[in-house]
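**Q** This structure is in structure tokens; I'll ask about it shortly.
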Amino acid sequence: MKNISLLGASGSIGTQTLDVLRSHPDQFRLVAFSVGKNIDYAVKVIQEFSPQIVSVQREEDVLKLQAVSGNTKIVYGSEGLLEVALHPDAEIVVNAVVGSVGLLPTLRAIEAKKTIGIANKETLVTAGHLVMEAARKHNVSLLPVDSEHSAIFQCLNGENEKRISRLIITASGGSFRDKTRDELHHVTVEDALRHPNWSMGSKITIDSATMMNKGLEVIEAHWLFGIPYEQIDVVLHKESIIHSMVEFEDRSVMAQLGSPDMRVPIQYALTYPDRLPLSDTKQLNLWEMGTLHFEKMNQERFRCLRFAYEAGKTGGSMPAVMNAANEVAVEAFLQKRIGFLTVEDLIEKAMNHHNVIARPSLEEILEIDAATRRFVMEQI
């Protein structure tokens, strides 16, 4: 029986993580979780899983939950999030929160020698050097939950990582993969939220449409697998059947395939190095699929992917700036305050405005994050 703490239980990854726990009640126990403002959902999860600690975003929601929570301790805010991440009984902390708020809980959980199931891209994007240094220092495993990084992780099992020639990350292309840049001037929030292959939260769905999601994944892959950016490629693959590939020095390429179902990489992170049945996921049927398509990625068409490569290669504090600018811009787009292509413009402005710090401390990263958010808000 593995004890799990789940950060971000009400989001897309969080709800699917609970599906995995539900499928294997003899294997996993939920000891703590966090939610944002979805209190009704939190009540249902408490009643089903009887965790010891639950964290909510707002203090005013604590009393509401205490009234129905029985023996579950209710905490709130950033301190509450840390309490969930540091639950003494938790062996695995699944970080499924959205945004850079996931950074500090991840670092503290690593220091407490918890195994980390990392679904929060922004943690490695904003502070990859700090996170990987901490993981090495405390001998902690970072197990990828993203389908692409899980695919690479699985392809590398038993392999000599020094023999990697290239990582090939696949991208569905998102909601607007077939639109020209001229057409993108007129797209709506509702258009952007209709992803062709995956069911995800609103922020990551917009990131998929701008291709920033893939850019974040490139930076994340750089840190997780220690591969230079020059050896990380992105290829358009509309069907989302091949989740990513690894090319080795002898030009052999290993790929991980499967139907699009996020529960598969989530479960693998929880069961690694073992596997368990996931009987209700769709079996891959290649002869029904017939043809798989691949296209070269155009970084002028998808400018956010280019920004991510530039930020990653620049290094230091630049990825944190790019990420903070993106979070603010995406939120403004979701609120219909800016157009779709303005997201790119705001990110570019923030990156051009920033003076890079080569090896920022945690405090500097948090300060830069806040300053970038203020700068972008002033531009809107």
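Yeah, the Cβs are placed from backbone N, Cα and C, and that goes for glycine too.
Keep in mind it's a predicted model, so treat the numbers as computed, not measured.
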**Q** Write down the one residue from E79, E83, E217 that Swiss-Prot lists together with D146, E148 as binding Mn(2+).
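**A** Swiss-Prot names E217 for this Mn(2+) site.
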**Q** Quick check on the annotation: Swiss-Prot has S10, G11, S12, I13, G36, K37, N38, N120, E122 binding NADPH, so which of G173, G174, G201, G215 does it put in that site too?
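**A** Looking through G173, G174, G201, G215, the residue Swiss-Prot assigns to the NADPH site is G201.
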**Q** So which other residues, same chain and not among D146, E148, E217, have a Cβ within 8 Å of the centroid of the Cβ atoms at the Mn(2+) site?
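**A** Near the Mn(2+) site, the remaining chain residues are K121, P144, S147, H149, S150, I169, N213, K214, L216, E220, A221, S244.
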**Q** If you measure from the Cα of K121 (1-deoxy-D-xylulose 5-phosphate binding site), which of the binding-site residues S12, N38, D146 is the nearest?
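**A** Smallest Cα separation from K121 (1-deoxy-D-xylulose 5-phosphate binding site) among S12, N38, D146: D146.
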**Q** What is the interatomic distance between the Cα atoms of N38 (NADPH binding site) and D146 (Mn(2+) binding site), given in whole Å?
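**A** Distance (Cα to Cα, whole Å): 24 Å.
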**Q** Could you state the CA-to-CA distance between S12 (NADPH binding site) and E148 (1-deoxy-D-xylulose 5-phosphate binding site) to the nearest Å?
**A** 16
